[in-house]
Amino acid sequence: MNNQLGLGSLTALVLSTMLGAGIFSLPQNMAAGAGPGAVIIGWLITGVGMLALVRIFYSLSVNQPHINGGVIAYAKAGFGDFWGFNSAWGFWLNTILANTSYAVVVFSALSFFTDTPDNTIFGAGNTWQSVLGASILIWMMHFLVTRGVKEAAIVNMVVTIAKLIPLLTFIGYTIIAANFDKFSIDIWAQNNTALGGLGEQIRYTMSITLWVFIGIEGAVMLSRRAKSREAIGQATVIALLAALSLYVIVTLFSYGVMTQEELAELQNPSMARILEHIVGPWGALLINLGLITSVCGALLSWTVITAEAPLVAAESGLFPRVFGKENRHGAPIVALTASTLAVQSFLIMTMFSQSTYLSLVNIATSSVLIPYGLSAAYGLKVAIKNDSYGNNSNARHLDLIGGMIATAYGSWLVYAAGLHYLLLVALLYFPGLLVMMWARKEQQKAFINSKREVFGIFLLTVMAIGAIFMMTVG
């Protein structure tokens, strides 16, 4: 079971995890806080940062073949068990929130076909009907993955191909309809003072651009199931370049169809409204059907990765051993069930919250900063120590540059995330300490093993208390 996924399956899985719901709302999401100029700079920063991170993933997968488990294993190898655990917990939390957001947005998209001004059925995806439907959907994905990761990957490849049809249709019509005179009108959004200065606009784009790339680590997370180490790196690079091209084209050409102010006012999925503006009602129908197909595919991919995270953590000694149990099909049944139950809990919580998809996006994005940041730092550490490069100085120099850029990019993202979401994420990280205690008790280890761990736990506790205070005072 461990070596079944080839280049095609891995590429489709990574691409499917990235091309979920985010791309269908990109035009409005970007225009709501930034003009065309800031968006271009935002994509440049993100493109360079993600290329550097992918370079690190590729290098580590080839030069450190004994390490399986991607961002979780890299954090442990580079910085010890405590940060390895927090990387695992943060990554798992991110995947759970991503799955929740996808389940919410499926039924938000279905409201296009069912809701009227006088009759709300699915609404924004947080009505009781939406939660019931989303619950059925996530458990369907659960049972599909219990049949084995290989079988789920085959289904995912078909869905990935299907989701590209509406995206390529949108791109074709948008390129034809784009008017670059409209694009150049107030390119820096100076006439819209509500957006703030250029720096504030660029910062705004960061959480959105990172969100649509979350999932880029999918191949390295499934390294234990890959046919070869080379396929892991190749799949990651191919998926990144394909996704980056789609994101930039979708975003920038939309500014040539409508102005920033018009795009900012669109209802999501904004791609549907733009294509409807160009070709008529069938455009909105096509995009909404594409969104539902796309998100179901992403949900399947993320269900696979969500279950893999605690399995890898258990095999690394970071999570309790029970999370490493697999069924006769090789599926991590305990980790999968725990993950689905967690998604179910968050779905129920959405019924009592006014904020749904975008809030989940911001929290999920913030929760993955530790795994990404530590992976980048570990790649830089390996390059500095000249570990496993031999006489290949060119590769080492590339990794030194890539590691520095990726680490700097990760630091910038922490700033861009903002204190509000960092505190909320700390509150969600805090219960993980109980799981860490459970795992260490199984191994007859002390709960705290160093002064650095004392500092880490203290910092996490202070931030969690800060989050509670922030929510209490509003």
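Cβ atoms here come from the backbone N, Cα and C positions, even for glycine.
If you look up TrEMBL, you'll see 36-58 (among others) marked as transmembrane segment.
The feature transmembrane segment is assigned by TrEMBL to 91-114 (among others).
As annotated by TrEMBL, transmembrane segment applies to 126-145 (among others).
Per TrEMBL, transmembrane segment is recorded for 152-176 (among others).
Per TrEMBL, the feature transmembrane segment maps to 202-223 (among others).
Under the heading transmembrane segment, TrEMBL lists 235-258 (among others).
According to TrEMBL, the transmembrane segment annotation covers 278-300 (among others). Taking Cβ pairs closer than 8 Å, the transmembrane segment (278-300) reaches residues 16-17, 19-21, 23-24, 99, 102-103, 105-106, 109-110, 112-113, 137-138, 141, 144-145, 152, 155-156, 159-160, 162-163, 165-167, 169-170, 173-174, 177, 215, 257, 269, 271-272 in its own chain, all 6 or more past its ends.
Long-range contacts of the transmembrane segment (358-378) within the same chain: residues 22, 29, 52-53, 56-57, 60, 70-72, 74-75, 77-79, 83, 86-88, 90-91, 93-94, 97-98, 100-101, 104, 207-208, 210-211, 214, 217, 346, 403, 406-407, 409-411, 413-414, 417, 421-422, 424-425, 428-429, each at least 6 residues beyond the stretch ends and with a Cβ under 8 Å from a Cβ of the stretch. For 358-378 (among others), the entry in TrEMBL reads transmembrane segment.
Same-chain neighbours of the transmembrane segment (421-439): 82, 85-86, 89-90, 93, 317-321, 362-363, 365-367, 414, 447, 457, 460-461, 463-464, 466-468, 470, counting only residues six or more beyond its ends whose CB sits under 8 Å from a CB of the stretch. Taken from TrEMBL, the feature transmembrane segment applies to 421-439 (among others).
Feature annotation from TrEMBL assigns transmembrane segment to 454-473 (among others). Outside the transmembrane segment (454-473), and at least 6 residues removed from its termini, the chain residues within Cβ reach (under 8 Å) are 82-83, 86, 420, 422-424, 426-427, 429-430, 433, 448.
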Same-chain residue ranges lying at least 6 outside the transmembrane segment (152-176) that approach it to Cβ under 8 Å: 4-5, 8-9, 12-13, 15-16, 19, 23, 144-145, 246, 249-250, 253-254, 256-257, 271, 274-275, 278-279, 283, 286-287, 289-291, 293-294, 296-297, 300-301, 303-304
Leading contact stretch, 36-58, 91-114, 126-145, 235-258 vs the transmembrane segment (202-223) - CB distance under 8 Å: 36-58
Which of 36-58, 126-145, 235-258 contacts the transmembrane segment (91-114) most, counting Cβ pairs under 8 Å: 126-145
